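Undergrad: Sending over a structure as structure tokens; questions will come in a sec.
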């Protein structure tokens, strides 16, 4: 089994798992959860829905990557010649989800920080139209996707540099592949400023939002004990649980989005003067990215106690309902079997 097949299979499985767990999280949040603040409930729903859309869009984009000495080729496995431009646009949009997810987590950290310290700032945030904080991650995603689309368009030099490598590894003509090429140095070792613009944009967008996450996280960590005294005991528990959930939400994209992307994005920046030869089929790392959306939803449902209670209640109700159905079937078709049967005693309890 080659890396193409691994990527395709993991994408299909990942979407199914994500659709189940994220939809279940949305269902619980909408119909059962009562003790989480309205704004944060909206954030939970929005984030879970974003995970579903992110996973579904990967089915369309089918992203893959190849690292070669001094270059990264980011391309789509959808090589239908009638839709090359659309496939290229799709992988650019898909790449924007990286920064969209990180930026939205930074909004959640910022909001929880305001809620912990209370005051008028938190109430003002609650009064903001949801479209504002929902739209912000989309703006960030658009900026990153635009940097990929405009700064990483292939040219004759970059295509010629990678032509034999792509033919040798994939038996494909590079001209027939929807692709972007990140090659920060030319053949003489001089900087290609257009590609440098992409790296600078990505570093700024990701770095800025991680700074917000770390800054707000540290403030909440060191002030939580004192600030929680203003809340009732049940609200203290909820605040602590949500803070733990936020930490896990930060760990998720770090482990499954950022860390897999580091070797892909950093290896082209190695100066040619070091003479380090690289030839990696790195697209399989995107398989790890599919783990993130369901991981985030599962972690949230495990950490926040109200979700655990609702899930247990639903589970017990389902079991009881199944026993009742079995009881009715036995009563209908074999009433004589009810005499001293374990099912009868169990239903009767």
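Cβ coordinates come from backbone N, Cα and C, glycine included.
These came from TrEMBL, pasted as-is:
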TRANSMEM  13-33  transmembrane segment
TRANSMEM  45-65  transmembrane segment
TRANSMEM  85-111  transmembrane segment
TRANSMEM  131-151  transmembrane segment
TRANSMEM  196-222  transmembrane segment
TRANSMEM  242-264  transmembrane segment
TRANSMEM  284-305  transmembrane segment
Undergrad: Below 8 angstroms Cβ to Cβ, which residues of this chain, lying six or more residues outside the transmembrane segment (284-305), approach it?
TA: 3, 6-7, 10-11, 13-15, 17-18, 20-22, 24-25, 28, 36, 44, 47-48, 51-52, 54-55, 58, 63-65, 101, 237-238, 241-242, 244-245, 248-249, 252-253, 255-257, 260-261, 263-264, 311
Undergrad: Name the range, of those listed as 45-65, 85-111, 131-151, 196-222, 242-264, that has the largest tally of Cβ pairs under 8 Å with the transmembrane segment (13-33).
TA: 45-65
Undergrad: Looking only at residues six or more beyond either end of the transmembrane segment (131-151), which have a C-beta under 8 A from one in the stretch?
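TA: 43, 46, 50, 74, 88-89, 92-93, 95-101, 103-104, 107, 111, 125, 180, 194-195, 197-198, 201-202, 205, 209.
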Undergrad: Please report, as numbers and ranges, the same-chain residues at least 6 past the borders of the transmembrane segment (196-222) whose CB is under 8 Å from any CB of it.
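TA: Contacts of the transmembrane segment (196-222) (Cβ under 8 Å, skipping residues fewer than 6 from its ends): 98-99, 102-103, 105-106, 109-110, 112-113, 116, 140, 143-144, 147-148, 151-152, 182, 184, 243, 246-247, 250, 258, 265, 269.
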